[in-house]
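Student: The active site, acyl-thioester intermediate annotation in Swiss-Prot covers Cys90. Here Swiss-Prot flags Arg130 as active site, proton donor. Here Swiss-Prot flags 27-47, 86-106, 114-134, 151-171 as transmembrane segment, drawing on sequence analysis.
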Amino acid sequence: MGSLLMERNFMVEDTFTNGKLSKKEKILFLIKFYIIFLVVFFILSYFGKYLIGIVTYLSYIFTKIIISDARLADNFIYLPNNTVEVVEECTGSFLIAGLLALIIVYSKNIKEFIIGIFFVLLAFFVNIFRIVLICYLVNMHPESSYLYHEIAGYGVILTLVPVLVIGYLKIIEKYRHSSNKSHL
């Protein structure tokens with residue numbers, strides 16, 4: 001995980017700063033990222049029960065659109081052919097903490113931060129989509145529920161997280177480029 005972040009950080013640095021960061025600045029970026037990530041993650045973990053409730057409810061609402069017989073009780077979504085339990089790991093708090101840490105460390109002003117918050121909300125709803133997709137698949141194929149949880153769950157996360165991160169970085173790059181042009 002750390003080496004992946006280092007590679008991504010250097011990709012970010014090379015792509016968006018033309019390789020102008022010193023080794024000290026790179027290390028400082030990573031230290032800030034990890035500290036902010038841990039703080040945000042622990043805050044989200046502290047509110048884990050509430051977050052589970054919110055994620056379960058929103059997942060249920062969207063699942064109900066495609067599976068009208070779905071029922072909700074606590075953090076369980078009861079489907080006609082299966083039951084899905086939403087636990088703390090399903091909330092996306094790890095993903096949200098990482099994305100928020102990147103945004104806090106990388107943003108240079110409030111506009112960039114607000115753009116980043118949009119991507120955090122998008123990540124939150126991508127996670128809801130992931131749970132709804134799992135509900136749909138495990139209801140259609142109850143005998144393979146674990147397989148669909150793994151494939152759909154990780155497939156969505158591993159596909160859309162890089163898209164969100166790269167999308168955020170590209171938008172910030174365009175914003176910074178247009179801001180620099182207007183100052184010339």
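For all residues, glycine too, the Cβ spot is worked out from N, Cα and C.
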Student: With Cβ-Cβ distances below 8 Å as the criterion, list the same-chain residues six or more beyond the ends of the transmembrane segment (86-106) that contact it, or say none.
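Tutor: Non-local partners: 12, 29, 32-34, 36-37, 40-41, 44-45, 48, 51-52, 55-56, 59, 75-77, 112-113, 116-117, 119-120, 123-124, 126-127, 131, 157, 161, 164-165, 168-169, 172.
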Student: For Arg130 (active site, proton donor) and the residue listed as 'active site, acyl-thioester intermediate', determine the Cα separation and express it in whole Å.
Tutor: 9
